[in-house]
């Protein structure tokens with residue numbers, strides 16, 4: 001086996017923590033990201049320095065899924081513009097991912113430090129990103145979170161290459177994808193509109209990156225009153241869906257027509273008409289001599305410092321508003337069924353009673369009894385698990401199941417298991433849990449992550465009638481977890497509300 005890890009699905013042959021420390025010296029934490037801590041590690045045998053990402057399994061299913069996803073994707077890829085996987089260890093409590101160490105700077109910092117910056121410099125950056133993305137797309141891998149923060153220089157040499165990092169959201173395109181994820185300002189229209197999507201979303205993001213590098217401005221942005229986040233979000237998604245951006249004067253006055261043409265083709269609203277990464281590499285602005293050599297540093301840097309140093313547009317998008325925007329196409333169809341569901345769930349056993357009654361009405365008395373028993377026996381366990389997750393440092397570890405948003409440490413957003421939004425910590429939108437199941441040897445379904453604190457149930461034990469009688473609560477009022485994350489305090493609730501929360505949680509447990 002080329003790396004130190006065991007097969008991800010193996011439940012027995014874990015690495016011992018000593019295997020990690022015997023081979024690597026781990027320094028102090030140099031950065032904390034959404035799902036992991038990042039260390040600078042030294043190989044005791046070769047003396048080489050690497051980046052180590054440590055994921056704690058106890059932080060929830062989202063974290064375990066992110067680690068497994070990044071490991072799986074990085075094992076598949078080998079490209080000069082992608083940070084390469086060096087080693088992996090999986091212990092009972094952690095995932096350790098060792099990567100090449102990039103010692104260069106982020107692209108923004110590099111631009112600000114240059115005495116001379118032109119379209120040709122931008123063309124060189126975009127070309128390398130396109131080549132890496134074209135390679136990923138040839139493997140049917142969608143990165144889904146391309147942004148300037150994930151582009152770094154490999155070293156500090158003058159002609160250093162660009163490398164792409166952060167693959168925890170990358171996904172194999174086995175059919176079109178529906179779950180929304182990414183960073184809001186880089187989201188393609190099909191993601192905002194909750195359509196099925198695929199590789200073209202990466203090309204849209206490259207168009208946004210190119211727009212910023214040439215003008216210093218994000219394409220979808222306008223000045224709003226301080227803290228007027230709701231209008232910011234509303235305008236952001238409206239403009240993305242319409243492709244409403246312009247090449248404003250004076251910022252684009254010195255930019256070539258060829259550059260504008262490539263941006264336009266990358267940011268085509270209709271995904272089936274959008275230029276591919278492979279096609280973009282052949283564009284005259286990338287492969288020809290159409291990129292201007294005129295110095296545009298002063299104008300670009302002034303706008304970068306205005307828009308990005310203050311980081312206004314990069315601030316975490318407000319949870320509730322973004323959830324409503326991303327779920328807008330579903331909202332009208334689920335509002336009526338949600339009202340009926342709320343009326344049928346007045347107390348602690350409301351969910352179980354409603355399910356049992358519906359099953360009985362459908363002629364499945366035995367199924368109704370099973371539904372009631374399942375909800376009753378698992379309600380307490382679901383509430384206990386929810387309580388544990390709320391007490392955890394990662395408030396986003398347990399997604400809400402009522403369509404509400406569950407904020408994390410900075411109010412940014414990630415979708416939960418039902419397509420609702422729970423917060424991340426870097427402004428990106430990420431799927432919360434892995435709903436897939438690992439088939440056991442006897443044909444039963446077992447949960448994909450055995451370390452989860454929330455008990456799972458076999459899908460065969462769930463009555464079909466109950467599932468049909470319990471509509472997805474897609475647009476319910478935000479629950480106590482969401483309010484707690486937004487205010488820093490748990491809101492007061494009546495016993496009836498607590499009991500309803502238990503019933504809702506039990507439904508989530510059953511469907512997981």
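Positions of Cβ are set from backbone N, Cα and C atoms, glycine also.
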Under Swiss-Prot, which of the candidate ranges 288-307, 308-327, 328-347 is annotated region 'Disordered'?
328-347
Of the residues 160, 287, 392, the one that Swiss-Prot lists under phosphoserine:
392
Candidate set 183, 470, annotation phosphothreonine, source Swiss-Prot, matching residue:
470
